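So the structure is just underneath, and the comments pick up after that.
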């Protein structure tokens, strides 16, 4: 009996150890596929559907995503059929050609690749595991869901999102094929459904047999129909109909997708910021909507922002709460136009003047410094013209960001360069905070920090792209400065 018990205990120990080993193997197994230049094309070409994260090892957001992405990959590996998530180090020099092909400009960037990589779509879903799983499952299924009942319609359409539904007499033919092509193309931005019976739908004419496309939305007229099945016309219809006449920017998360669409629009952007709970604001809102309706389809989109939710915009535009209600318009060329402390009756005539080119641009600027005694002089937007373009000096100007580590490293070097030229009245070393001042002059192409330009006294503007050492910067200045001015300065010293 004792021998029998000891055998069972031994077997139990073996089973337990095998279970531990199996669990350890499961924990150590990576479900996210690792791709690089050597296996990317071969792997993707074999998949009808795969999600690829383009990342950089040093990227903090990538590190935060990693455990959620791995957890989602583990869950999706058990899907029938399995759905694969992959990662690709876009920062590796050997991989950069492929990263460039997929237009990777920031990290992490997630893309959905379909049909062996022939179709590429932006991933626009959540960044936590459960959300990734839900979004990817939906994206891997049919682009449009069949609606067979009022319950199906209710589950799909809801009351806080945009949903597109095709109504057809049969699920075949040119119109249906065009509709499905539309759904495939725009599936990452919208949800699509199709039905044989309009009676299932919550709004709109129920006796229509189609073919017709009905777009449901939680604003304005709540639904709108189209019978033109040209693919380009369908896409334009969906894009234009899904933007509110006036987009509301407040703390309600359900409004945020429409705010994103507003900022991604190719139109000029008119933004009215106000305290939406203040007394008397209703007349401002009403007049603003009237103007938005008047200019619908004329290249201007309109947004109404609550002060509480718009602090980021206030910082970006350099505006103050004391100026509300205010309206600011930003054109695609970056120029801005501002009307602060407006009243309801100001809105229509001001927008009319803006459209007719009668409103001068607004330039965001820090206050002009009361003292500017440091070796490196401070330039702001309001002094750029006088200190750089009209000074008659050779000016080395750094465009920087206060948070930029490379800018902080460069600062003491520029101090040394400025001290070197302290007795040279024809050379000025200066800096401008590009996050707090608009750069109105097109000669300066600032896309990163620090960006350094040199403007000679005779007007030549040259970007500085050399080493960031005192000796190299001084050598660059001497080679590019206005020699005539330099000689005149030397004579004055003699």
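Glycine is treated like the rest: Cβ placed from N, Cα and C.
All TrEMBL annotations are machine predictions without curation.
For 59-62 (among others), the entry in TrEMBL reads disulfide bond. There are 21 other CB atoms within 10 A of the CB of residue 62 (disulfide bond), with all protein chains counted.
Annotation comment: TrEMBL describes 404-407 (among others) as disulfide bond. Spatially close to residue 404 (disulfide bond) yet at least six residues away along the chain are 449, 450, judged by Cβ distances under 8 angstroms.
The annotation domain 'Thioredoxin' is assigned in TrEMBL to 9-141 (among others).
Residues belonging to the domain 'Thioredoxin' (354-482) score a mean pLDDT of 94 in the model. Annotation comment: TrEMBL describes 354-482 (among others) as domain 'Thioredoxin'.
Residues or ranges marked as signal peptide in TrEMBL: 1-23.
Helix, strand and coil content of the domain 'Thioredoxin' (9-141), in residues and according to DSSP, is 67 helix, 26 strand, 40 coil. The most densely surrounded of the disulfide-bonded residues 59, 407, judged by C-beta neighbours within 10 angstroms, is 407. Residues in the domain 'Thioredoxin' (354-482) partition by DSSP class (helix H, G, I; strand E, B; coil) as 38 helix, 25 strand, 66 coil. A straight line from the CA of residue 59 (disulfide bond) to the CA of residue 407 (disulfide bond) spans 19 Å.
A separation of roughly 24 Å, to the nearest angstrom, links the Cα atoms of residue 407 (disulfide bond) and residue 62 (disulfide bond).
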